[in-house]
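Student: I am attaching a structure below and will ask some questions about it afterwards.
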Amino acid sequence: MDAAAMSRIGLAGLAVMGQNLALNIAEKGFPISVYNRTASKVDETVGRASAEGGLPLIGHHTPRDFVLSIARPRSIIILVKAGAPVDQTIAALSQFMDPGDAIIDGGNEWYENTERRLREAAARGLLYLGMGVSGGEDGARHGPSLMPGGHLQAYHNVQDVLARVAAQVDDGPCVTFVGEGGAGNFVKMVHNGIEYGDMQLISEAYDVLRTVGGLSNSELAEIFADWNSGELESFLIEITADIFRVPDEHGDGELVDKILDKTGMKGTGKWTVQQAAELSVAAPTIAASLDSRYLSGLKEEREAAARVLDQAGIGGEVSGASLGRSIDKKRLIDDVRQALYASKICSYAQGMNLLRAKSEERGWNLNLGELARIWKGGCIIRARFLDRIKKAYERNRVLANLIVDPEFAREMVQRQGAWRRVVGMAIEAGISTPGMCSSLAYFDTYRRARLPANLVQAQRDYFGAHTYERVDRPGSFHTEWSKIARQSKAGAGAFN
Ligand SMILES: *[C@@H]1O[C@H](CO)[C@@H](O)[C@H](O)[C@H]1NC(C)=O
């Protein structure tokens, strides 16, 4: 095969994401070879490429033909299920690859697996990237957010392709070299954790508006559409507005009301919370969203609990219905919008601080402002306010927390009244808003110069002699708490 007829890049793994990304690459004018073990997947993709006007995409049915059809140094994207399938695909392809060629794993892989594969690839002279890809099916086809990390040379080899394939925003394509090792996968993982938080917070806003405010689906559709033209503008708010408009094809009303209230998950949110714990970074909003998914899964238990507590008389205690009657709808809607925004800032602050902690641990030198920028388009959490987050980190690269950026600080203060009203009302009505409550508690804990941790320290020193520090002098101290307390009790007794 002469060099001109060779493909610029290859892609193996033609499930939904793989097919769409391959078509996207071909559409941008980069000849691409595709491969899948299941021959029908290859034929399906080739069929789509020709249906779309003869895109430069060539299908191959054996790993050898596939690899050899790509111009050197080769870059091969693999999009298969994380874990063992990635290792199997690498094994099948790498035997035909040459030193200097690169493998780019676009799956939601655990970052340490990528670091292991980086080492294994290096031992054979191969380059490796772990690349987060966000945007779902549509993003993959028309412009995803790409988070490649690993071997810088492997990135340079495909930089032109990725820059054209990624979503485009006002300040460039939504792709950047994230960092070495598993940095790309880690950043994608935290992106997904933030996504969990966003979805939870939106669902709580919906619950408050529906349950306390008594709003109908068509009213909700209008409100979310309206929010999407302001500070909350984002992909998730936009699709939420759409969701409320879809009728149920099997009966009356809207489909959303017929969906079983049990949330699924694939693991990246759990990894985010585990990593936050490992690094001692508080991420309560993201953790609350994960816990909410776990609790949602206990559908039968929740139904049983509802019956037991109903019989125990809880209906008379929580006042959702009575609140509903006296509610100023317009004010409630505006308050919920502000509560959602403030809660979201806290959630992003947690995600960003988790990224920074990991970056320090691993020496990744992550650029948080640049990460906010590549999330502005293509991905699931794309949102107008990511531009503000980008600017906050540009103003101050070592910003301790988004909350203390002067602009965000002002916004938080402006919204705290509404935020407290919404959370207070939800608590009174017995509607759980764990995301909003966690965000508010995070804010109130972080902004208070003095916390009751002094008492916890005293307890620790009392029962475990763990010592404590003092506010007024240096050093570490231990007190014989029980002895002194007994003496002073005895002393106090003497007065009686
Ligand atoms: C090919 O397709 C099958 C079924 O869709 C999938 O399980 C497999 O991981 C794909 N990838 C490769 C590289 O064969």
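Each Cβ is built from the backbone N, Cα and C atoms, and glycine gets one as well.
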Student: Which of these, Asn24, Asn108, does TrEMBL list as part of the NADP(+) site with Gly13, Leu14, Ala15, Val16, Met17, Gly18, Asn36, Arg37, Thr38, Val80, Lys81, Ala82?
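Tutor: Checking Asn24, Asn108 against TrEMBL: the NADP(+) site match is Asn108.
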Student: For the binding-site residues Gly13, Met17, Asn108, His191, His466, which sit with their CB under 6 angstroms from an atom of ligand 1?
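Tutor: Those binding-site residues that pass the cut-off, since their Cβ is under 6 Å from ligand 1, are Gly13.
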Student: I'm trying to understand the geometry here, so how far is the Cα atom of Thr38 (NADP(+) binding site) from the Cα atom of Arg293 (substrate binding site), in Å to the nearest whole number?
Tutor: 34
Student: Cα-Cα separation of Glu195 (active site, proton donor) and Lys188 (active site, proton acceptor), in Å?
Tutor: 10
Student: Per DSSP, to which secondary structure element type does Glu195 (active site, proton donor) belong, with helix, strand and coil as the options?
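Tutor: Helix, per DSSP.
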Student: Near Asn36 (NADP(+) binding site), how many other Cβ atoms are within 10 Å of its Cβ?
Tutor: 25
Student: Out of Ala15, Met17, Arg293, His466, point to the one nearest Lys188 (active site, proton acceptor) in space (Cα versus Cα); all of them are binding-site residues in the record.
Tutor: Met17
Student: In whole Å, how far is His191 (substrate binding site) from Lys81 (NADP(+) binding site) when you measure between their Cα atoms?
Tutor: 19
Student: Which one of these binding-site residues has the most other Cβ atoms within 10 Å of its own Cβ: Ala15, Met17?
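Tutor: Compared across Ala15, Met17, the most Cβ atoms within 10 Å surround Met17.
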